[in-house]
Amino acid sequence: MEKVKLGMVVAEFNRDITYMMEILGKEHAEFLGAEVSEVIRVPGTFDIPIAVKKMLEKGRVDAVVAIGCVIEGETEHDEIVAQHAARKIMDLSLEYGKPVTLGISGPGMGRIAATERVDYAKRAVEAAVKLVKRLKEYDAEGS
């Protein structure tokens, strides 16, 4: 089986944390024998879906990993951002028939908790690679 090609969409808001997530995700992809072949950085988590859609439209990746960090503020804004981004990301996965995995930490956490959850990126990369392989195996069985 050829190398799994991943796209990665990374939110720049809370960049100190999403930078660590991006690096961990890329390292884990390499460890799994996959390749992060495309990266788009967007201003914030709410902006992730449009970049995911562009990446899926190009068709050069097998899956997309969404990386973001939503930290709790004074209002419920963090919950709205995380819920809407997650929902649209799932919709895009179904629309294009390719895995789009969620490496977005939050909502309802502070900066310390966010730093402790940078491994969400590794989990999202692993889920993307496994899902690509399993869907290809399933397609091959049905032939």
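In case you wondered, yes, glycine gets a Cβ from its N, Cα and C as well.
Annotated 5-amino-6-(D-ribitylamino)uracil binding site per Swiss-Prot: F13, T45, F46, D47, C69, V70, I71, L102, in sequence order. Cβ contacts within 10 Å of T45 (5-amino-6-(D-ribitylamino)uracil binding site), excluding its own Cβ and spanning all protein chains shown: 30.
Listed in sequence order, S105, M109 are the same-chain residues at least 6 apart in sequence whose CB falls under 8 Å from the CB of R117 ((2S)-2-hydroxy-3-oxobutyl phosphate binding site). The (2S)-2-hydroxy-3-oxobutyl phosphate binding site annotation in Swiss-Prot covers E74, T75, R117.
Taken from Swiss-Prot, the feature active site, proton donor covers H77, and the record attributes it to sequence analysis. Around the Cβ of H77 (active site, proton donor), 13 further Cβ atoms fall within 10 Å across all displayed protein chains.
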Practice prompt. Calculate the distance in Å between the alpha carbons (Cα) of D47 (5-amino-6-(D-ribitylamino)uracil binding site) and H77 (active site, proton donor), and round it to a whole number.
Written response: 14
Item to complete: Report the largest Cα to Cα distance, in Å and rounded to a whole number, among the residues F13, T45, F46, D47, C69, V70, I71, L102 that the record lists as binding 5-amino-6-(D-ribitylamino)uracil.
Response: 16
Worksheet entry | Other CB atoms within 10 A, centred on V70 (5-amino-6-(D-ribitylamino)uracil binding site) | 27
Item to complete: Count the Cβ atoms, other than its own, that fall within 10 Å of the Cβ of I71 (5-amino-6-(D-ribitylamino)uracil binding site), considering every protein chain shown.
Response: 18
Discussion item. Would you identify which of the binding-site residues C69, L102 has the most other C-beta atoms lying within 10 angstroms of its C-beta?
Written reply: C69
